[in-house]
Amino acid sequence: MTVTEPATQRGFPLLPSRLSRGSKATRTTDNTAAALLLTFTVVAILWANSPWAHTYSALLDTHVGFSFGSHHAEMTVKHVVNDALMTFFFFIVGLEVTREFTIGELTDRSRAAVPVVAAAAGLILPAVVFLAFNPSGENAHAWGVVISTDTAFLVGALAIIKPKFPARVRLFLLTLAVVDDVGALIAIAVLYSDNIQVAPLVVAVALLGALALVRYLPKARGPAYAVLGAALWIALYLAGIHPTLAGVAVALLIPVFTPERAPVERAVQQIRAFRQSPNSRYARAASRSLRDSISINERLQTAVSPVVSFVILPLFALVNAGVLLDGPSLTAALRSPLTWGIVAGLVVGKFVGIAGATWLIRRTGLGVLAPGLTLRRIAGGAALSGIGFTISLFIVDIAIDDPSRQDQARIGVLAASVLAFALGWAIFRITDWLSPPEPVGLKLLRPIDPERDHVRGRPDAPLTLVEYGDFECPFCSRVTGAIDEVRAHFGDDLLYVWRHFPLERAHPRAFDAARASEAAALQGRFWEMTHELFTHQDDLEWSDMYRYAVAAGCDIEQFDQDVRVHSSKVLHRVSDDAEDADAMDLNATPTLFVNGKRHRGPWDAASLIRALEAGRG
C-alpha cells in the first residue's frame, strides 16, 4: 500500500484565518488591526464634527473614474471603497469560510454544532427584535443592520478586557463569526439586491462556470482568477446585484487542501538543489515548488488579508463612520425607532440569541461545549457579539437611502457597539469576581476523566500524577522511565495520566506524533504506540510512524484512515489537551501535576515519590 503523509492541520499559525489557534504574534496582529480600525473610526467622527466637516463630505462625494474611447466610468470615493475595495474584504471572508468548512474547525460537525446553532439564533433574534421596533415602512428594510458581528472589534475587545482563560471563548466566538458572516452574505445577496437585469446576470453565471474550471489549468491560475473575478464584478454591478458578492463567489470556487507529502518533498529537493548550485533556474523551480505545495486559498489569505486589515477596513471606517453628532442629530436619533431598534437588536438580540441557544442546545444534549468552556464565558462573549460595525455600516449604506436616517442608523450602530462592549466587560468582570478562577497553572484546570483521558491505574486510586508532554521532548522520554519506577512503587494506589502538549516550535514533529498516538488509541493501542514513539523519537517522519503503528499492533489500513481521511477524530483530541495547557500558561515539557497541583522540582523517581507521599495526608 502506498502511503502519503497526512498534513498537519493545527492552525497554520502564520496565516490570517480567524480560527487559527496560532501564536501570540498572530493575536498581536489581530489586535493591531482592531486598534487601527478603532482609530480611523474616531478620526472619521471627529472630522465629521469639526470645523472642517465640509472637507469630509467633499471627499466622499469626489468622483473618480476613467475613460476608454467613447466609454466613461466613474464613482464617488465612498462608492469606490464600499462597492469596489470592500470586494476584497468579502473575498477574504469567503476564503476563510471555504477553508473552515473544508479542512478547518467546522469539519468536525459535532464540535461546530453549538457555535453554529448559536450563530443562527444570533442572526434571527436580533432581526426579530429590530422589527418589533420597526414593523413596517422604510425602516423595516434595514433589519439586516443588526445581524452581523464585527470580528476585528470582537477580537480587539477580548484583548482589552483580558478575561481569565480566554482561549476557549475566543475560539468559540471566531467559529461563530464564520457562520455569522455566511448569514450576512446570504442576506446581502438575496435581500439587498433589486432591479435585476437578466442579460448581465446570464453573463455572470457563465463567468462563474469559467471560474469553476480555472482550478484545472496547468498554470497561470492566479491571473485567470483575477481577470474573471474582475469581469464578474462588472457583470454583477450591471445586473443590479451588489458587486462585492463577486469576492465571495470567487473565493468559494478557489480550491483548498491540506499540504501533502509528495509536493512538499519535491519542494525540499528543489531547495536542496538550489543550495548546492545556486542559479536563477533552480531559484524559480524552488519558488514554484514551494508555492504549489500550498493551496491557492492559503496563499491568497496570506497575501490579501494584511491589505484588507490594514488598508481597506480602516478606509471603510473612515468613509462610513463620520456621523454628525450635534444636538439636533442626537435628538433625532434618540427619538427614532430606527436607532433604538438597532441598539436593541445588537445588544439584546445578540446576547439573548447566542447565550440562550447555547444553553438550550447544551441542555437538550444536541451539542457539547469544548473542555474548559463554561456558559458564563459564553454569556460574556455573546454580549461582545453585539459589536456590529463593518457589515452593519455596509448594510446601512445599501438599505437606507435618506441621509438623515442613515445618520440615525450609524448612531445606533456606534451606540450599540459601546454598550455591547460595556456589557461584555461587566459580565466577564462580575463572573470572575463571583467565581474567581484558580491562579494560572498552579492547579490542574480540567479534572481527570478516565473515560476520556489516557490513564494507567485504578480510576479511583487515591494518588494521581498527570503529565503534559510531547513525544519529541528528550526530557519526557527520560521522565517516562522515572514514572515506571513510581508506578511500581505505588501500585494500585496511583493513577497516571498522559496529556498532549506538543511544543511545535522546538519539536516540529511532536504534533504529528501526538496525532499518530491518537489514531492508535482508537484501536486500543495508545500505550504500545507511545512506547514506540519514545523509543524512536529521533525518527518521527510519517513513513516511520506507520512502521511504529505496525509494531504497536495496529491495523494499518484503519490507522491510515484515521490519520488521513478522518483526521478530525485525532486532531481535536490533541488540540484539546494543548489548549488546556495553553490556558494554564504552561510553557515547557514535561509539566507534572501531583494530586491536581503543579509539581515544582526534579522529575526523578525519588522526588516524585516524595511529592506523592506528601499528598497522601
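Cβ atoms here come from the backbone N, Cα and C positions, even for glycine.
Remember, it's a predicted structure, so these values are computed and weren't measured experimentally.
Copied from Swiss-Prot, the annotated features are:
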type: DOMAIN; residues: 434-617; note: domain 'Thioredoxin'
type: REGION; residues: 1-433; note: region 'Na(+)/H(+) antiporter NhaA'
type: REGION; residues: 1-26; note: region 'Disordered'
type: TRANSMEM; residues: 33-53; note: transmembrane segment
type: TRANSMEM; residues: 75-95; note: transmembrane segment
type: TRANSMEM; residues: 113-133; note: transmembrane segment
type: TRANSMEM; residues: 141-161; note: transmembrane segment
type: TRANSMEM; residues: 171-191; note: transmembrane segment
type: TRANSMEM; residues: 198-218; note: transmembrane segment
type: TRANSMEM; residues: 234-254; note: transmembrane segment
type: TRANSMEM; residues: 304-324; note: transmembrane segment
type: TRANSMEM; residues: 341-361; note: transmembrane segment
type: TRANSMEM; residues: 378-398; note: transmembrane segment
type: TRANSMEM; residues: 411-431; note: transmembrane segment
Legend entry - Mean predicted confidence [pLDDT] for the domain 'Thioredoxin' (434-617): 88
Legend entry - Long-range environment of the transmembrane segment (234-254) - Cβ separation under 8 angstroms, sequence gap at least 6: 82-84, 86-95, 97-98, 185, 188-189, 192-198, 200-201, 203-204, 207-208, 211-212, 214-215, 225, 228, 296-297, 300, 398
Inset, instruction - Using a Cβ cut-off of under 8 Å, list the residues of the same chain at least 6 residues beyond the transmembrane segment (113-133) that approach it. - result: 106, 140, 142-147, 149, 172-173, 175-180, 183-184, 337-338, 340-342, 344-346, 348-350, 352-358, 361-362, 366-369, 378, 382, 385
Inset, instruction - Any chance you could find the range in 33-53, 75-95, 304-324, 341-361, 378-398 with the most Cβ pairs under 8 Å to the transmembrane segment (171-191)? - result: 378-398
Inset, instruction - Go through 33-53, 304-324, 378-398 and flag the stretch with the largest number of C-beta pairs under 8 Å relative to the transmembrane segment (341-361). - result: 378-398
Legend entry - Same-chain residue ranges lying at least 6 outside the transmembrane segment (75-95) that approach it to Cβ under 8 Å: 16, 59-65, 181, 185, 233, 237, 242-252, 254, 256, 297, 300-301, 304-305, 307-308, 312-313, 315-316, 319-320, 390, 394, 397
